Amino acid sequence: MQQQYCSHHRSPLHFFLCPLLILKAQKEEMDVPRPAFKCFDDDGRPKRSGTVWTASAHILTAVIGSGVLSLAWAIAQLGWIAGPAVMFLFSFVTYYSTTLLSDCYRTGDPVSGKRNYTYMDAVQSILGGFRFKICGLMQFLNLFGTTIGYTIASSISMMAIKRSNCFHESGGKNPCHMSSNPYMIMFGVTEILLSTIKDFDQIWWLSTVAAIMSFTYSSIGLALGIIQVAANGVFKGSLTGISIGAVTQTQKIWRTFQALGDIAFAYSYSVVLIEIQDTVRSPPAESKTMKNATRISIAVTTTFYMLCGCMGYAAFGDAAPGNLLTGFGFYNPFWLLDVANAAIVVHLVGAYQVFAQPIFAFVEKQAAARFPDSDLVSKEFEIRFPGVRSPYKVNVFRTVFRSCFVVLTTVISMLMPFFNDVVGILGALAFWPLTVYFPVEMYIKQRKVERWSMKWVCLQMLSCGCLVVTVVAGVGSVVGVMLDLKVYKPFKTTY
């Protein structure tokens, strides 16, 4: 038995995606004997083997994703001065807040205190009460919104493949306008089928595929930007961003605010930091390893984001598309564009389930607790298929609820298919409360920072400043949705 647990290994990329943001993570200790101290950590779980390099890899894989696609548009709104400056500011705030959060992995003593396995565990253990419930609500809103954003992004990518091929076949003469609705429905049907697979997000190879896909389309976007700049022979753009005339002064203001939300979304990974830290071995203290890993990953991420955003802006200037790959700014090489968009679709098909599964788990757990004797809620019905040895187990409530959830997110996506606006709202929703407020408050309580001391005042000023950024980014994104809705006919928009 001990040897079996000693040889237990988890997929190296499992943690960045799989247990993402479950409201109340399972806290049951493993029922294993403790005498074999070489095989187990102080909490009785199999000994962790993560290092600063594996933790850095997890963070990089978690943070680099679809958010990179809107960075060129964001910098185009801010210009060559404010754009990179804001990106550096967000990277600094994210780095600092995650160093605070890393000190909250253990409650009490930083070396021997009780471990917190997830972000929510840390909030409940250190802050508890009302703030724990608010944190859960914010996480679920973020999860729900992200599934909508992924539905929009994947449908636009599928449509971009079709438009790219159409444009190529017509020699650039056909504008190839088409509706995104069929592609959203196609994506929704796929997610309904996948959602019937219990614990789909725990499939070991899922996170590996997602990591490969996200780096693929991000790298292609960067490469295409460099190619376009070389073809232009000049760096486009201006110091102050998109000029008045191309947009009105009011639109300039709202777009600037929305750009803040887009950049914030690209850096949102704090909610999985504790889970990544739970893979790190000790000694040295997990917090020390995690701070080093954060420093490395933030430096690499910021460099990569700066290259993608700035090269995209340099390539297209004020006309930088809202989604670098699907804004149809690149016509050739069209096959490479197709590969990038296909990678986005593959990534988001799995990522949708990863973000939806925590909601599924929470609702189904609540339903089972409230209706323990209901066969519709708790009973598994077996369906046998010819040639298949094991029967397929179906739960009525699980199937109906998950299908309704996917239908709801698909309908909302069809009503508001605005990628940049949705990304801005998601970035604003997650930035202050999840990236700044809760880490700051947990750190203050954990380290017993004295009220009105210099450190306490500085931390509160940081939190208040980020709150202002969240508010203006949220307002800008909501206004963007409202402006789009004025000229949008539900279910009838074509691209």
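Backbone N, Cα and C define each Cβ position, glycine as well.
Any TrEMBL annotation is an automated prediction that lacks curation.
Among the features that TrEMBL reports, signal peptide is placed at 1-27.
Per TrEMBL, domain 'Amino acid transporter transmembrane' is recorded for 49-482.
Annotation comment: TrEMBL describes 51-71 (among others) as transmembrane segment.
Feature annotation from TrEMBL assigns transmembrane segment to 78-97 (among others).
Look at TrEMBL and you will find 140-161 (among others) tagged as transmembrane segment. Within the same chain, residues 21, 23, 66, 69, 178, 180, 183-184, 186-188, 191, 271, 323, 325-326, 328, 337-338, 341-342, 344-345, 348-349, 351-352, 355-356, 358-359, 362, 409-410, 412-413, 416-419, 422-423, 425-426, 429-430, 434, 495 sit at least 6 positions outside the transmembrane segment (140-161) and bring their C-beta atoms closer than 8 Å to a C-beta of that stretch.
The transmembrane segment annotation in TrEMBL covers 203-227 (among others).
If you look up TrEMBL, you'll see 296-314 (among others) marked as transmembrane segment. Away from its own ends, the transmembrane segment (296-314) comes close to residues 52, 55-56, 59-60, 63-64, 68, 71-76, 80, 83-84, 87-88, 91, 94-95, 98, 218, 221-222, 225-226, 229, 235-237, 266-267, 320, 324 of its chain (Cβ-Cβ under 8 Å, at least six residues beyond either end).
The annotation transmembrane segment is assigned in TrEMBL to 334-355 (among others).
Annotation source TrEMBL lists transmembrane segment at 399-419 (among others).
According to TrEMBL, the transmembrane segment annotation covers 425-444 (among others).
What TrEMBL lists as transmembrane segment is 456-483 (among others).
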Given pairs 6 or more apart, does the transmembrane segment (334-355) have at least three Cβ pairs under 8 Å with the transmembrane segment (456-483)?
no
Establish whether the number of Cβ pairs under 8 Å between the transmembrane segment (51-71) and the transmembrane segment (203-227) reaches at least three, counting only pairs separated by 6 or more residues.
yes
